[in-house]
């Protein structure tokens, strides 16, 4: 469910915190995807058009989620997006009341759905079908099996997938959380992406936590209080309190305990919810856990064709596409570097910003059951032209305080001209990215001192990739529309070659 009414409230109160982007903009990113939310969407969207029933195999087992997973993963990989699917485990005890209410509503919806079908009321049946769906353990198991056969990372949450997704982002193992549940923000997920797994052609909605905090003038602790008061899965709501009232109360009292007691609620219950948001139970993972694995064509064929009655021709085409994606080489996408200035801690003061959670902030299980394996990635190219890139440079010696800004066209050091020449080769190549492959360009220059590059790309973002090892040398900042400074790798006092495989413009 997430936080009740949060998105409409933010759309009105802090519209700058919410933006739309296309799937292509996420090329090269790694997404921690809430698997249960994704499977739920697939199961609702892919149904028999006559009776709105889920697609099934010869054993009567649902396969709608498998169709959806295949199609969406294929699209994500096509754009060079690395999906990391995160699966729920046993929910916390705090959520039992919410789950009981959902179970009751689902049973009521099933009764109404059957009645609508028997009466031939397809319009009502279509509206009700989403409320009857439950993602089962068997569906989760079959989804995990498919993903592993595709070489896609599978992460097991200790409890809530949303908390585990936020953990992966705060540990910099993934760049964004993809979920429909807004409580990922309350768990500390830096960016929330919605509609990533939607089957419809919806624009992806990005919610920026830092902009939310800035716009509401909350520190992270106050934001958690506000969201709990709006309504969450872990405690009851206070009568007559929605987002607008919750906002006013937090502004006035700045204490969850004071607010709850003022409204006649049970503070112990609210405190438990807050403690869980601030210190959820998660499994600990490392970089190997989120690496892409190898594709198993034989295993996929057996699972999809023999076990689930998919068309052999369809499966062969699907595997062919996966292998094609694998043979392409990824250029590390940089939306995360361009847009994600990670905070350092959960703040008590507004100036400190929201939290980038460390391991200590979570109740961590250090022995999760699944780990990742080898990585493969795909190319992503932009067709925007590279004209107008301006380059300035600074030179530094080992004393970083001794920095000389090179501003003139001609200069005693000669550094400006050599670096400008390096980028000038790209200025007029407006069709550079229309071809699949191109020769990397390089410029040899004297490295008597260490160089730093600073690019001004105006309304565009740029990234430079080192030809030799695909190391990101520098990236632009999409908010300030300025590049961060990227240091040239070669050691000072040597002559070296600075190779670029690509300049990406976003």
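Heads up, the Cβ atoms here are built off N, Cα and C, so glycines get one too.
Fair warning: this is a prediction, and the values are worked out from it, not measured in the lab.
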Choose the correct range: of 338-388, 389-439, which one does Swiss-Prot annotate as region 'Disordered'? Give that range. 338-388
Which of these, 88, 100, 221, 225, does Swiss-Prot list as part of the Mg(2+) 1 site with 34, 160, 162? 88
Which stretch, out of 321-329, 330-338, 447-455, is listed as region 'Interaction with PCNA' by Swiss-Prot? 330-338
Swiss-Prot Mg(2+) 2 site partner of 181, 183, selected from 138, 141, 233: 233
What count of other C-beta atoms do you get within 10 angstroms of the C-beta of residue 88 (Mg(2+) 1 binding site), across all chains shown? 20
For a quick check of packing: other C-beta atoms within 10 Å of the C-beta of residue 34 (Mg(2+) 1 binding site), how many? 27
On the DSSP side of things, how many residues of the region 'I-domain' (124-253) fall into helix, strand and coil, could you say? 67 helix, 15 strand, 48 coil
Using the structure shown, find which entry in 160, 162, 183 (the binding-site residues) has the sparsest Cβ neighbourhood within 10 Å. 183
Check the Cα distances from residue 181 (Mg(2+) 2 binding site) to each of the binding-site residues 34, 72, 162, 231 and keep only the ones within 10 Å. 34, 162
Round to a whole number and give the Cα-to-Cα distance in Å for the pair residue 160 (Mg(2+) 1 binding site) and residue 233 (DNA binding site). 11
